[in-house]
Amino acid sequence: MTIEILGISVLWLFLFGYVIVASIDFGAGFFNAQTLLTGKHHIVNTVIQRYLSPVWEITNVFLVFFFIGMVGFFPKTAYYFGTVLLIPISISIILLALRGSYYAFGTYGTKGHKGYTLMYGVTGVLIPASLTTALIVSQGGFIKETAAGTLELDYVALFTSPFAWSIIVLSLVSVLFISASFLAYYSSVAEDKGALKLFRKYTWIWSFPTLITALGIIIEMKWHNQDHFQGMLNLWWVFALSAIAFAVSLWFLKKARYGWSFIFVVLQFALAFYAYGVSRYPYLLYPNLTIYDSFTNETMAISLVVVFILGLMLLIPSLYLVFKLFIMNKPYIKKGV
Amino acid sequence: MESVEFSRYLSMLTLSVHVVFATVGVGVPLFIMVAHWLGLKRNDDHYLLMAKRWAHGYVISVAVGVVTGTAIALQLALLWPRFMEFAGQLVALPLFMETFAFFFEAIFLGIYLYTWDRFKNPKHHFYLLAPVLIGGAMSALFITSVNAFMNTPQGFAVLNGELTNISPLLAMFNPAMPTKVAHVLTSAYMTAGFILASIAAFHLVKGNRHEYHRKGLALTMKVAFVFTIATALVGDLSGKFLAEYQPEKLAAAEWHFETEGEAPLVLFGVLTETNEVKYAIKIPYALSFLVHSNFTGEVTGLNDIPEEYHPPYIIHYFFDIMVSIGIGLMLLSLVYVIGLKFNWSIIRSKVFRWGLVASGPLAMVAIEAGWWFTELGRQPWIMRGYMTTAEGATTSPYVWAMFIAFAVLYFILMVGTIVVLTRMFRKNPVENEIEKIREKGSVAV
Ligand code: HDD
Ligand code: HEM
Ligand code: HEM
C-alpha cells in the first residue's frame, strides 16, 4: 500500500465516521422538530435530549479532523475546493454554528424556545444538503475556468443538474434512515415503548427511498461521469453486498432485534461508501486532481501518520470512558444521571 | 473593494470573536482547578461550589469556542486557498495536533461536568481536570506555533519553485514560537483571572456581602497578579525577539524611524504627515533597554527598511493599549494583594471595586489589541518573506456577502452567550445553592 492510499483511507474513515454520527444527530434534530409539529413531541423528547447533549462536540470534531487531515495530506485540495466552495461551505458553517449554539444555549442554559427547536430541526436537513455540494463538485463538470485563469463554481450547471439533486436527496433520506434506526435501538435500550414504536415506523418509512435514490444515482452516473460509472460496475459485488446488508437490517428490525438492525444499517452504508470511494480511485476531483498529484511531501505524510497513531492511542481509551459513562450506560439512558 | 480586503476583514472578525472564547477556554480551567483543590484541601464547600459554577459557565463558552473555531479552520481554506496550499505542506502537523488536543480537553470536560457524585474518592473527580487544563494549553501551543510560523517561516528550502528539505518539527519550533506561546498562555491565565474577579467584584459592588464572593475575589486576584508579572516578563522577551527577527514590526509599533542608540520608548501621541511624532510621552532610553537590556543599544529604524515592507503605523496604538493595560492591571492587582495582607480599607472602597469590575473587560481588550498589533504588524506578508497577503487570498467575488452573513452570526452568538450566562446564574444565585448544599450535605446536585 502506498502512503497516498493510506492517507486517503484514513480520511475516508473519518468522513464515514462523521456521516454516521452526524446523520444520527441531524436526523434526531429533524424528528425532534417534526414531532413538535405533529404533537408527538413528549414521546421522543427525552430519548433525543439524553443522547444528544453529551456527544455533539465529538461529532463536530470528526468533521474538523476530516478537513484538517485533507489539507494536511492533500494540500492542493485547499486551493481547488477552497476557491470554489466559498458560498456553500460558508452556509454550512453558519448552519453548524446555529446548531452548536442550540446545544450551548438550549441544553446547558435555559430551556429552548419553540422556534429555536424548529430552526434546529431545519438545520438538520440543510446542513447535509450544503455539505454535499463538496462531494457533487468533486464529480467534475461544475468548475469553470475564467478568462483570468481563476476557478469558479458554475452555479447554473449545479442547480440544473438532476444528478446533483439526486445526491442531495440521497443525503437527506439516508440521514433520516440512519437516525431513525439508531434512535429505535436507543429507545429499546431505554425501554421507552412509545418512542420505540415511532422510530421503528420512521425506519421503515425512510428505508426504501434510501435504496431507490442510491440506485438512481448509480444509473445517472453513466451519463455524468463515464469513468466513475465504469469503476462502479467493476465493484458491482460490493454494492450487491451492501444491498444484502440492507435486507438483513430490515429483517432484524422486523424481528425486534434493534441493535443488530442498526449494525447492519451501518454495514450497508460502510460497504456502499467504500465501494464508492474505491471506484473513483485515484481522483479527488475529476479531472483536475488525483491523490498522487495533490499529495504532500513524504516527511509531512509520515509525521502525520505517526501523530495520528499516537493521538488514537490517547483518544480511544477516553472515548471508551465516554461510551461507558453516557452512551451505553443503562441507568444514564433511563434516568439521565 | 477587492476580495483580498474582505478576506482580511472576515479573518479579522472571526479571529477576534474566537479569541474571546479561546482565551476563556485556555485560562479558566486553571481557576476551576485551584478552587476545586482548595475546596478538597480545606474541606470548604464554598470553593467546591465555585469550581462547579465556573465549570458550568465555562462549558457555554467552550461550546461557542468550538463553533467559532470550526468557522476559522474552514475559513482558512476558503479565504486563503493559496496560502493553505503552501502552508499545508509545512504546518499541517501542529494544525492536526490541535484537533487532538482539543478533543482530549472536550471529552474530559464532559466527563467532569456530569460526574460530580459518581466517584467514591472525590480526588478522582478532581483529577479529571488535569486533562482539561493540559488539553487547553496544548491547543493554544499548537495553534500559536502555526501563527508563529507565519511570522518566521523556517524548516524548508525553495529550489526552482519547489519545496525541498522539509522538516515539520523545525517549522513548528520556529524562532517566534517560544515567546509567542509563552505570552499567549500567560496572558490567557491572567485574563481569565481578571474576568472571574470582575464577576465577584460586581456582586460585592452591588451590595452582596456573601463570603463566597470575597473568597472568589481573593483567589482570582492573587493568581491573576502572578500571571500579570509573568505576562509582562514574557512581553519583554517578545520585544527582544521582534528586534532580532521582525525589526520592522517593532519599529512601526514604536514610530522609530532613525536607526540609533539611546532610543526612547514612545507612548501614544500622533504622527504628522512628515512622520514626526507629536504630543507623545517619551520614556528616555526605554526602547534600547527593552531591546538590549542596556541604555545605549542600537535599534533599527523604519528608514532602513524598504517602504513597501512597512507595516501600517497604526499598530503603535494597539501596542500602547496592550502595554498600558498590562501595567495598569499589574498595579491594580499589586495594591489589592498588599491591601489584603495589611487590611487596607481602600480595597473595599466602591471606587476600587469598580476598578476590579473593569479589570476583566480591560484584560480582554489587551488581548485583542495584542493580536491586532501582531497581525497587522505582519503586513504586507501572510507568510513573512515568502507570500504576501494579496497572493494568498481567494479570487472569489462573493467574500463581501459572506462577511455580512458572518457578522450577523457572530452578533447572535455574542448576544446569546451573554443572555444565557446571566440568566443561568441569575436563576440560580449562590445563596440558593449554598442552602441546597446544607440540606443535602454535598455539592453534587
Ligand atoms: C492580557 C493581555 C496582554 C498584556 C497585558 C500584554 N500582552 Fe503583549 N500580547 C498579548 C497579550 C498581552 C497577546 C494577545 O497574547 C499577543 C498577541 C500575539 C501574541 O503572540 O501575543 C501579544 C503580543 C505581544 C508582542 C508581539 C509578539 C510578536 O509579534 O511576536 C509584544 C512585543 C508584546 N506582546 C509585548 C508586551 C509587553 C512588553 C507587555 C507589557 C506589559 C505586554 N505585551 C502585555
Ligand atoms: C486568535 C487570535 C487572533 C486574532 C485576534 C487575529 C487577528 C487578526 C487580524 C486583525 C488580521 C487582519 C490583519 C490584516 O489583514 O490587516 C488577521 C489576519 C490573519 N490571521 Fe490572525 N489573529 C489571531 C490568531 C491567528 C492565528 C493563531 C493564525 C494562524 C493559524 C492566524 C492566521 C491569520 C491569517 C491567515 C490571516 C489573514 C492574512 C493576513 O491578513 O495577513 N491568526 N488576524
Ligand atoms: C491563539 C489563538 C487561539 C487560541 C488560544 C485557541 C484556543 C482554542 C481553544 C481553547 C479551543 C476550545 C474551545 C474553547 O475552549 O473555547 C479552540 C477551539 C477551536 N479552535 Fe482555536 N484557538 C486559537 C486560534 C485558532 C485558529 C487560528 C484556528 C484555525 C486554524 C483555530 C481552530 C479551532 C478549532 C477548529 C476549534 C474547535 C475545536 C474542534 O471542534 O475540533 N483556533 N481554540
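Cβ from N, Cα, C; glycine included.
In TrEMBL this protein carries:
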- B:12-38: transmembrane segment (TRANSMEM)
- B:58-80: transmembrane segment (TRANSMEM)
- B:92-114: transmembrane segment (TRANSMEM)
- B:126-150: transmembrane segment (TRANSMEM)
- B:181-205: transmembrane segment (TRANSMEM)
- B:217-235: transmembrane segment (TRANSMEM)
- B:314-339: transmembrane segment (TRANSMEM)
- B:351-373: transmembrane segment (TRANSMEM)
- B:398-421: transmembrane segment (TRANSMEM)
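Between the transmembrane segment (B:12-38) and the stretches B:217-235, B:351-373, B:398-421, it is B:351-373 that has the most C-beta pairs under 8 angstroms. Distant neighbours of the transmembrane segment (B:351-373): 12, 15-16, 19-20, 23, 183, 187-188, 190-191, 194-199, 201-202, 204-205, 217, 221, 224, 253, 315, 318-319, 321-322, 325-326, 328-329, 332-333, 335-336; these residues of the same chain sit at least 6 beyond its ends, with a Cβ under 8 Å from one of its Cβ atoms. Panel annotation: around the transmembrane segment (B:217-235), residues 30-31, 34-35, 38, 47, 50, 179, 182-183, 186-187, 189-190, 193-194, 196-197, 200-201, 204, 323, 326-327, 329-330, 333-334, 336-337, 340, 356, 359 of the same chain, lying at least six beyond its termini, place a Cβ under 8 Å from a Cβ of the stretch.
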